[in-house]
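**Student:** If you scroll down you'll find the structure; I have some questions about it.
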Amino acid sequence: MFKQALKLWSIVVAAGTGSRFCQDLPKGQSMKSKQYQLVGGHPMTAYSLYTISRFLSTEGIVLVLPEDGECEREIEFWRSYTGSVPLFLCKGGNTRAESVQCGLRIISNCADSDDWVAVHDAARPALMFDDCQSLTKALLNQGIMGAFLASPEVDSLKEFSDGGGLNRSVSNDRIYRAQTPQIFRYTTLVESLSAVPDACDEVSAVEFLHGSELIYPVIIAPHNIKVTYSHDLEAVKLHLWFHPLYQKPLIRVGYGYDSHRLSEGLPLVVGGVCIPYPRGLIGHSDADVLLHALMDALLGGCGKADIGHYFPQTDDSYKDANSLQLLTILYRDVIFPYRVINIDATIIAEEPRFSPFVEGMKDNISKALGIDQSCIGIKCKTAESMGALGRKEGIVAQVVVSLWQC
């Protein structure tokens, strides 16, 4: 690791309420603030604490929690991620600037006026060793006032008018996304944040008071993304895959079986497809034998009860219910946080021939589960004229699914 001839403290800001993050969480997922959301088996904040404590050569770390945080109760838990580096906890304020100021007050008795202070967002868990090393090297430049991480803007930018229409296109040639850590002298941060209490970040506050010429940007690839909305978690997991803390997804396998008798005059629905045939399957709902087996496979794979527990035959609201709709509800509200990797299904019947309808079944299932059709296999077999199936008395479906815990 690069050895630095300077004294540096760190503040990890995790004081936000995460209102934008919580508002679009899938049903069934924890409504805790984003800094407490589990990513790869650990709270999001843990990744920043781990990386900074090991790769930024810091004297100590201040973790700024929400105003309703329980510092005394949480201190030992968070210390398990910082190793031998001292960790202090405090509660934040109503704004980012206030929260950083709370962190600065914690180290006021141990930090010298010219010590460096790195401020980092806990919502940026994908900070890497190389990022820390590059920042550290930048601080050794003579006369520098501070440094921060930034990545180039790659999207096409548009400016809108007050009425919501397109005003003009903006060149992104010299546009960069400011990231964290952002590092400045202790005194510089205290003065700047006091003067600009509504600053969106430390660079903005220092720039307002001292100008921008001596603030050094360290350009990195756009991996250090900020988790703002719940769907950002999926993107950040890709960047955390090789992080020492990250626990690889738990893989599970589920098996489902279902059978229904055939009867004259009923519609035959299999895999959400209406099959032209004079007989249909007897059941409380639409008796979709394939989707019922699939739902049982999903439930079994994540250790839950069978389909009858969630959609009982004694409940008239499920009479003649569309099984595709039941599958969608089950996957959204019950199966989470498990997601499908692939599906292998077999339909067993003497009649009718199901192979012409397989693509339609795969299309229905892929849309209900949000997976690609290439992840779904459906085979059609006969019973070779043996037993009840051979006598064309009914239809059987068997399904195997593999799941991963997201």
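Including glycine, each Cβ sits where the backbone N, Cα and C put it.
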**Student:** For the divalent metal cation site that TrEMBL assigns to Asp258, His260, which of His210, His223, His292, His309 is also named?
**Tutor:** His292
**Student:** For His260 (divalent metal cation binding site) and His284 (site 'Transition state stabilizer'), determine the Cα separation and express it in whole Å.
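**Tutor:** Rounded to a whole number, the Cα-Cα distance is 11 Å.
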**Student:** Which has the fewest other CB atoms in a 10 Å radius around its CB: His260, His284, His292, the listed recorded positions?
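**Tutor:** Each of the recorded positions His260, His284, His292 was scored; lowest Cβ tally within 10 Å is His284.
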**Student:** Tally every other Cβ atom lying within 10 Å of the Cβ atom of Asp315 (4-CDP-2-C-methyl-D-erythritol 2-phosphate binding site).
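**Tutor:** Its Cβ has 11 other Cβ atoms within 10 Å.
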**Student:** Taking DSSP three-state, what's His260 (divalent metal cation binding site) in: helix, strand or coil?
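**Tutor:** SS state of His260 (divalent metal cation binding site) = strand.
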**Student:** Given the divalent metal cation site residues Asp258, His260, His292, which other residues of that chain have a Cβ within 8 Å of the mean position of their Cβ atoms, reported in sequence order?
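**Tutor:** Apart from Asp258, His260, His292, the close residues are Ser259, Leu281, Gly283, Ala287, Asp288, Val289, Leu290, Leu291, Ala293, Ala397.
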